[in-house]
Amino acid sequence: MPENPAAEKMQVLQVLDRLRGKLQEKGDTTQNEKLSAFYETLKSPLFNQILTLQQSIKQLKGQLSHIPSDCSANFDFSRKGLLVFTDGSITNGNAQRPCSNVTASELLPWTQKSASEDFNSVIQQMAQGRHVEYIDIERPSTGGLGFSVVALRSQSLGLIDIFVKEVHPGSVADRDHRLKENDQILAINDTPLDQNISHQQAIALLQQATGSLRLVVAREVGHTQGRASTSSADTTLPETVCWGHTEEVELINDGSGLGFGIVGGKSSGVVVRTIVPGGLADRDGRLQTGDHILKIGGTNVQGMTSEQVAQVLRNCGNSVRMLVARDPVGEIAVTPPTPVSLPVALPAVATRTLDSDRSPFETYSVELVKKDGQSLGIRIVGYVGTAHPGEASGIYVKSIIPGSAAYHNGQIQVNDKIVAVDGVNIQGFANQDVVEVLRNAGQVVHLTLVRRKTSLSASPFEHSSSRETVAEPPKVPERAGSPKPEANLSVEAEEIGERLDNLKNNTVQALEKPDVYPEKVPGSPENELKSRWENLLGPDYEVMVATLDAQIADDEELQKYSKLLPIHTLRLGMEVDSFDGHHYISSVAPGGPVDTLNLLQPEDELLEVNGMQLYGKSRREAVSFLKEVPPPFTLVCCRRLFDDEASVDEPRTMEPALLEAEVDHSVDVNIEDDDDGELALWSPEVKTVELVKDCKGLGFSILDYQDPLDPTRSVIVIRSLVADGVAERSGELLPGDRLVSVNEFSLDNATLAEAVEVLKAVPPGVVHLGICKPLVEDEKEERFSLHSNNNGDSSEPADAVHEIHSSLILEAPQGFRDEPYLEELVDEPFLDLGKSLQFQQKDVDSSSEAWEMHEFLSPPLDGRGEEREMLVDEEYELYQDHLRAMESNPPPPHIREAAPASPVLELQAGTQWLHANLSGGERLECHDAESMMSAYPQEMQQYSYSTADMMEETFGLDSRAPIPSSEGNGQHGRFDDMGHLHSLTSSSLDLGMMIPSDLQGPGVLVDLPAVAQRREQEDLPLYRLPSARVVTKPSSHMGLVSSRHANAACELPEREEGEGEETPNFSHWGPPRIVEIFREPNVSLGISIVGGQTVIKRLKNGEELKGIFIKQVLEDSPAGKTNALKTGDKILEVSGVDLQNASHAEAVEAIKSAGNPVVFVVQSLSSTPRVIPTVNNKGKTPAPNQDQNTQERKAKRHGTAPPPMKLPPPYRAPSADMEGSEEDCALTDKKIRQRYADLPGELHIIELEKDKNGLGLSLAGNKDRSRMSIFVVGINPEGPAAADGRMRIGDELLEINNQILYGRSHQNASAIIKTAPTRVKLVFIRNEDAVSQMAVAPFPELSHSPSPVEDLGGTELVSSEEESSVDAKHLPEPESSKPEDLSQVVDDNMVAEQQKESESPDSAACQIKQQTYSTQVSSSSQDSPSSPAPLCQSAHADVTGSGNFQAPLPVDPAPLSVDPATCPIVPGQEMIIEISKGRSGLGLSIVGGKDTPLDAIVIHEVYEEGAAARDGRLWAGDQILEVNGVDLRSSSHEEAITALRQTPQKVRLVVYRDEAQYRDEENLEVFLVDLQKKTGRGLGLSIVGKRSGSGVFISDIVKGGAADLDGRLIRGDQILSVNGEDMRHASQETVATILKCVQGLVQLEIGRLRAGSWAASRKTSQNSQGDQHSAHSSCRPSFAPVITSLQNLVGTKRSSDPPQKCTEEEPRTVEIIRELSDALGISIAGGKGSPLGDIPIFIAMIQANGVAARTQKLKVGDRIVSINGQPLDGLSHTDAVNLLKNAFGRIILQVVADTNISAIATQLEIMSAGSQLGSPTADRHPEDTEEQMQRTAD
């Protein structure tokens, strides 16, 4: 059997890992299954249990061999396999004879070495007459030995002895029952702990022992014999204590915590120390401060430590039941533990009596009485001095806590030296030992202290001793020495010290930062300010007072230096970040007033300015004050005295000084678990990195970081890399990597100082480092607050290293940031993105500090050294200043040139905007026709670039004259719907462009992406223009984009052939594009670059970001005039020279050496991830139609939550390697043919090349709505498909580029087609029956007299993300044969709307819309000649008078009147209704508005007590278009609320109902949102439930909260689930409780109403209104209920058609299997008492996602005869609906195809859809005509 199976098991696992890795590298997968099974076996709990059991059996054999014959051996095994003795004699002591009869020699069961005379004599000498015990303990496979030790100095021998401090209950040592507290360990594994073994070596022996641990301990004889009787007295309160009151308290945790804190220990008991005001315990009212906790549940906690009690509380779950006691009868006398060494005899001295004439000190004694739950109230610090031996060494009082026992005593002062505690001389004790002695003291503590007389000042802390300054931090004089950590001697900290490594206290070395504070005159105002704030803040903060006397003329003069920077930044030279009343310096501008002081630095907190306290004020108040406060400025700042980092190879050179390395031992026990959600994790795989250490070291610095898996341990993390150091050159180390070993020395649980010593001790040469890389987790993002003192001066040497100070605050600052925090990756690199940008990683914590931005002002070309770095404040008022600045600075002349007639928007380069965490609710409106376009996406924040090692270069070279060109001026573009695009983000940086829309001329072409996402943004509407491509007009002074690249510039970006594939499915980089810049004589190119071979940052997908990036583009330069390059673009190639792996110098040389023109290949970041096909990843989207005769068409885009974050793949150079492609193609084609072998028809596989207009195909769906098909309904004769000749109308698309379209809806197909690359591989099938299945008849061939078109009601354009309207893109205009006017191509992202008839009176759009209407009516009338026509014609009917189309039937001259007070609301119609409010209000809750993605005013809920509920016609989901003549179609949310509130007694509403939007979740945009919930903080959102019905919705989003910072949620979103738990039918209270209780990462499933229907209905209403104005007929369009027409139709059918039996087919039986969670998916109409008359019940609609559609046996118009055998004859509509709703399992329907019913169903469908005159939502169906025209039976 192995000696140490646990260790060997880990070795085997490591071997398996290596083996699997090697096999994977070789591509061998044959052994994967066996290796996985072996691996899982070793990791299984059962296997571990077997190993533990084997060890227990081995241990049992050893125990049994030592038990005397007169003792029984009762034992058992625990469930985990651990050995447990149950014998009474063993329990009370050892399994042996009484001690008086047993000698040490009889109990030596071990080897000859152990039994040797030498060993025995050493042990007996060390025991000094005490009883000797020999103990053998088996170390378990997991966990420790279960006891802690303490080192105390022996007074007799002067040696450090090791004593057992505590045996942990339930541990291995506790179950063995032999090791006792206060036992002295004499030997470990046969090694005596004599003078040859140091304290550290002894600890190492215990920690490194494996297998069996053999201990020899010494114990006092009396202590051993009386142990059984005294143990309880030592660990618990005396049993004789009588409590005056005991009470059982039960608390139900609601997720906010129990609301009380505990302190105490084993001897004093655990008591309630604090009760949080407003917390759970406070609200309950029964628990009181000072209560002793006796029991928790069924667990007796007397004798436990406070930490153990806290753990018991944590394990209780939500319900905590406690037995507490108070008011003890009589005094509780707790006997302090007997000291292990005799107390030193001190001379009996009176208080403050010593020979004062001879000694510089005075000694006095103090008696302190602890109160229950209170500490002594002193904080100590240890110091080992070398300058004055015997004088300064010792333990000193560092500070006194106000209100504590020491404070009330009044005798103890700061800087007093403690020499004895309860008579025990502590001089020479280690700091940790003194802490233990004081903790173990009883209720009354006697302290002996020494104080230097006031006339002398040799104390290690020169400080005033007055009572007023007891909390003041001591100043530290320059003195050689090393501090001991300070400790707060509080009872509540009793257990924390036990977890600290004693070694750390003696090895931490720290260097004090140099004293840079100017000397202050005593008694000066500065000193008074400093003293006042020091008293307020306490010793953890350093207060600094600075005076600035800056010469400032006026604000306008300042603003000349920067149009973007706020006034207070320019005045003070620093930027301030604010959070929760705290204002921190985020950065200091180089050369500014603050920088010249050399006093303040980033992360300092600004407390007061010119007597005005800023602490506690809002950011707006603080910034407003800083703007107006006059100079000189008196600043009061504080800095936290905490630094836990050290540099490995380059320690900072400083003056020898004393620094207090504070280790705070105090803790307020928190019942809630710590939230480790933010802590980084590292891969368990250890990677070995080999570095060659040179004379400069290894070239990196480190810091320690709390281990996320064990809060008591720390790990060593790479902090930063030294520029051009060994580590950076190797490229294998990055900041954030965990350092686990150096050569053979493991750094597991090593302290920072130890790790530093190990690294320094490594000799020069090859060094092997063990590295663990960070795990990549998308839902966990750390926040890095980056501040730099880098001035960006390019004249600095390249190897200059700039210190970058920044930190990661793991805890949200509470109070005054008075809790210690750790640091992580403090030198996280960043990028100064020229002109105005420093990006930070996005933060989800509400404690985040504001975004920052560093700007480099554009210097003159001859003055690069004068660059200044400044900051931009994020206050919203600044943007108004920016706008005014823009208005006062017109664009350059070349942009303001006159232009031809075509309206084109030009991009004004260089005008950049910032949006950063606006806190106000005000909205900045775009001035005049200007629009703000965000040119940078939110995802760009994820990239940070280091400028520490980068040099920037401005190319100011002589160049030849530009080459004139006459090409490239024919391409013009247009922004569509500039006024309606909104920014996607509200809490991120957006760099925008000002675009004056009133400029004319063919100057700039900018193409929008396929999808422009929008989201509600309350602060500032910014507009995003991602991936802008530009084409400039030819000019003698402007760079050109040559004609051979003009087409590429006009199109959405695409990869050229052979550029390689991208591995991620999404890329935030746009594809490479070519930009040509023509040089001009004596003018520089106008760009500066940064970057090189240095790895800038590790991306989240593991890639390394590096390369050459554009830092700045000068406006009036050749590069700036092209508008084709912008800050942040990555340069891949320059005039054929690949720069992807080039150094900075090589890139500079390549640009200098490039000819004329300079040809750049660049990549830009796009606003939304570009979908990359998985097989052929060369993506492209065609450009919009460049038709100059059409008006700007408005296409409202509504985006869901942003797609998951992915990162750009590395760019790969073009490759011409085509080997094997033909074989792969043949193999793929064979698989495709096998896949579709069962489909009827002829399969075709072709490849086409897209042109600028796409493939030239028009697509439509299947006539049968239950089937998903994509048919070709039109082919552009000038398009690639027609030129190829192999595709025909009627072909059904199955695949595009190996992405399957078969069985997909139009929405899915549209998304796939949009991302198709230039070369498209199409798989389609040709079937003769396809034409009859198509929802749209084939488009006619191009002619001057278009033939009639069939019904287009089922058409859905592939070009739109949402359901698109039928528009001019389908058909050519009748009077034009230009290629541009032909059928619109696939993937066009523009939707036509509102064609003006004056411009194109016979346009195809109008013809199609009319034909949709008239043809449908005609088709109905063929069956029924007397079928009624629409009640009134619109303008579209008049347009058709040209004779191109079949004229509609005559109009009924007498339309029925509609009473607005009683008429029902017909789905799909704009209805006018009137509601009398009575004495109550309307009772409506609305959501949406023009300023929201919903883009419409929609009723959210109808309250029962309101007038609308009494009226009964309005439903939740109805859209309100008008209120008493006030148009709400384009109103904001607040405007709509105002209009509804100001209504008179009778309210006239125009409403629109689209029931399909609310029928099921198919009409919700469902997406996931991950929010990180911090401890003690909420998610930052409010919820509300409906008063009637189910569903919980977001009612408000708290500014600065997690939801607000995430930015994806808006008011009105429905919460569908929380962490996978369904909330669709949960109550508001249930959801609120769950959201409060969750911790860490919270995943919300959100449903948001699709905005397409609202936008579509608005378009419909606008069309209708426009038609009314232009109608030739005097008849006003009527929206009379469709019911009337249907009733006429039914009557006509009954009177004119033959008997029913002649029209019926044979009944057929349809079987449906329906689960409880399934939707049946059919809607019915008819029934007894129906508004349509007493007609049979029939199927009005079949939903594609229902179970009924899967049978493919039901059709719209089928009459239902019976349900599960129950006939429906005579049943009402409601009864039939209930039957279907309650039918589950096996459902048998008998249906029959009835032509009468089919005609009614068809007419119902036509009238509800056709009355919209070509509604954009082509597959919207009013499925029913009962009351509100439909009820869904599911």
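Just so it is clear, glycine is given a Cβ too, placed from its N, Cα and C backbone atoms.
For the residues S171, S455, S1617, Swiss-Prot attaches the annotation phosphoserine to S455, which does not rule out the feature elsewhere. Looking up S524, S1345, S1400, S1815 in Swiss-Prot for phosphoserine, the annotated residue turns out to be S524. For the residues S482, S1424, the entry in Swiss-Prot flags phosphoserine at a single position: S482. Between S959, S1215, S1310, the residue that has phosphoserine written against it in Swiss-Prot is S1215. Looking up S531, S647, S1480 in Swiss-Prot for phosphoserine, the annotated residue turns out to be S647. Touching of the domain 'PDZ 9' (1568-1650) and the domain 'PDZ 4' (555-641) is ruled out by the presence of fewer than three CB pairs under 8 A, sequence neighbours closer than 6 excluded. Note: T1543 (phosphothreonine) has non-local neighbours K1477, L1482, V1523, N1524, i.e. same-chain residues 6+ apart with C-beta under 8 A of its own C-beta. Residues in the domain 'PDZ 4' (555-641) partition by DSSP class (helix H, G, I; strand E, B; coil) as 26 helix, 28 strand, 33 coil.
Summarised by DSSP class, the composition of the domain 'PDZ 2' (248-328) is 14 helix, 35 strand, 32 coil.
Taken residue by residue with DSSP, T1543 (phosphothreonine) is part of neither helix nor strand, so it is coil. For the domain 'PDZ 9' (1568-1650), residue counts in helix, strand and coil come to 15 helix, 34 strand, 34 coil, using DSSP. Across the residues of the domain 'PDZ 9' (1568-1650), the predicted structure has a mean pLDDT of 84.
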